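Report on the structure given below.
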Amino acid sequence: NHSLHFSPHTAHKALHFVSSFDSRKLALYSRTAVTMARGFLAVLAVALALSQAASAKSWLDKRFNTDGTVRTGYDASGQQVAMLNLNQQSGAAGFNSKEQFLYGEFSIQMKLIPGNSAGTVSCFYLSSGDDNWRDEIDMEFMGNSSGHPVVLNTNVWANGDGKKEHQFDLWFDPAAAYHTYTIIWNPENILFKVDNLFIRSFKRFGGLAYPSSKPMRLHATLWDGSYWATEKGRIPINWSNAPFIVSYRNFYANACVSGGACHAGSGRWMNKQLDGAEWGTVKWADRSYMRYNYCDDGYRFPQGLPAECSRY
């Protein structure tokens, strides 16, 4: 019989090898665990940051009620996007503010329907209701046949009289990117703004109706305006192009809430009137892109133009 013998020196080397091997494995496993933990924490931190950012920029459910098919998502910057969908079965879509306002500055970014949007109407407006004596301030985008300019209709209603339209051909493609549309409403005038350019001022004149006492809700809608929207109703919606989708994001309001206080910083818009340079952009828009001005429509007013037309 042959026995296997190890010298003390050999046994010591073997034990040292096993011990060092276990140490190396333990160190490797430890480093791996730490790396995985750090990676998990980093992912968690990013997720929490995105969640907090989305929550901070989430405006639709907090401030509006919705009607029809309204879908939501978030863009790459974390901005909440509300998408109004219109097809022949679903009908109109929109959202309206939970609060009512009496004066304020309101803006939103919109990306309109690409391609042939004839017959559709996309809106951003304030309204006191649906009665015959309502006040209303409108920015309405009338759909077009492909290749034609989108028309922006601005209008002011006071005590049910709404024949005060200024219409403009937009000088850019409003479906290619988001653009900012703003309404400033104060006791002296109503201002309409596209991106950084003022395009209209509707002034208050003594003795004439002006929206000043009826609180209004803010609305955004998408609906079938085939009877009116495109070339005075000559081109209706082509439903084979549906669904039609308008996207809204980055809503902003600094306003006086009905029955409550005005927001901080309200003085900036409460006293706002156009300066010389801003009147220059209004004249530029009138000269270059105005499609219709009610003050030029003698056929519509055979008894004489509205009184404010002679006061500007």
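Positions of Cβ are set from backbone N, Cα and C atoms, glycine also.
Bear in mind that TrEMBL entries carry predicted annotations, made automatically and left uncurated.
Annotated in TrEMBL:
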- 1-248: domain 'GH16' (DOMAIN)
- Glu136: active site, nucleophile (ACT_SITE)
- Glu140: active site, proton donor (ACT_SITE)
- Asn144: N-linked glycosylation site (CARBOHYD)
Taking the Cβ of Glu140 (active site, proton donor) as the centre, count every other Cβ atom within 10 Å, in any protein chain shown.
20
What average pLDDT is reported by the model for the domain 'GH16' (1-248)?
85
If we count other C-beta atoms within 10 Å, could you say which of the recorded positions Glu136, Asn144 has the fewest?
Glu136
